[in-house]
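J.: According to Swiss-Prot:
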type: BINDING; residues: R53, M54, V55, L56, L57, K58, Y68, T69, K75, Q97, Q132, S133, W177, R187; note: FMN binding site
type: BINDING; residues: K58, Y115, R119, S123, R183, L184, H185; note: substrate binding site
Amino acid sequence: MSENELTSGDFTEQNEPFALFAAWLREAEATEPNDPNAVALATVDKDGLPNVRMVLLKGFDSQGFVFYTNFESQKGQEILSQKKAAMCFHWKSLRRQVRLRGLVEVVSDKEADEYYKTRARGSRIGAWASKQSRPLEGRFALEKAVAEYTARYALGDIPRPPHWSGFRIRPLSIEFWHDRPFRLHDRVEFRREVPEGAWEKVRMYP
């Protein structure tokens, strides 16, 4: 795909951000060599200092963007405290970026249970064994915990840990960016005051 292939009419005239995101993600799934659903997640601590890390988007619809994590981790604690977060997708193969930010809610137990059951058995054991974001004396301590939980759940199903679930970001803004020559990029932002509100679309200077 050439850098001039996408014209302004290809996406800047779209009025439904979730449909536009779905289309862009589908294209990324066909062109990105690794994890097209990888996204930078930004949170802030109690002092207002930001933290950012990569996570995997595990679902989205008109209600928001979903990912899963250990709620006792740094990001889990910061989100539970602040109830706000931001994301940034960057698809180098497509020369595109999507930024969003908004309010965060916890997914239902049913939704978390259903996703948890789809994870590899080793990943489900890891959710029990890892005290995410806390000091680790050495690799052996982690491997020992994995062995202990593997033995504990050798027979039958592995339940979802009470500290492991999902968050849904209900976006208040979503910005779509596409690279153009000479830094004259296309940028369109969708904004709303509340998660249930109507979108306002604004074209932005690059």
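Cβ atoms here come from the backbone N, Cα and C positions, even for glycine.
Help me see these features in their spatial surroundings.
T.: When secondary structure is read from DSSP and collapsed to three states, Q132 (FMN binding site) falls in the coil class. A 10 Å cutoff on Cβ-Cβ distances gives Q132 (FMN binding site) a total of 18 other Cβ atoms nearby, all chains included.
Other Cβ atoms within 10 Å of the Cβ of R119 (substrate binding site), summed over all protein chains shown, number 17. Mapped onto three states, the DSSP output places R119 (substrate binding site) in coil.
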J.: If you count Cβ atoms within 10 Å of each one, which of the binding-site residues R53, K58, K75, R183, H185 comes out on top?
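T.: The residue with the densest Cβ neighbourhood is K75.
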J.: If you compare CA-to-CA distances from Y115 (substrate binding site) to each of the binding-site residues R53, V55, Y68, W177, which comes out shortest?
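T.: Closest recorded candidate to Y115 (substrate binding site) by Cα: Y68.
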J.: Taking just the CA atoms, what is the gap between L57 (FMN binding site) and R183 (substrate binding site) in Å?
T.: 29
J.: Fewest other CB within 10 angstroms, which one of the binding-site residues Y68, Y115?
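T.: Selected from the binding-site residues Y68, Y115 on minimum Cβ neighbours within 10 Å: Y115.
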J.: Could you state the whole-number distance in Å separating the C-alpha atoms of W177 (FMN binding site) and L184 (substrate binding site)?
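T.: It is 11 Å, counting Cα to Cα.
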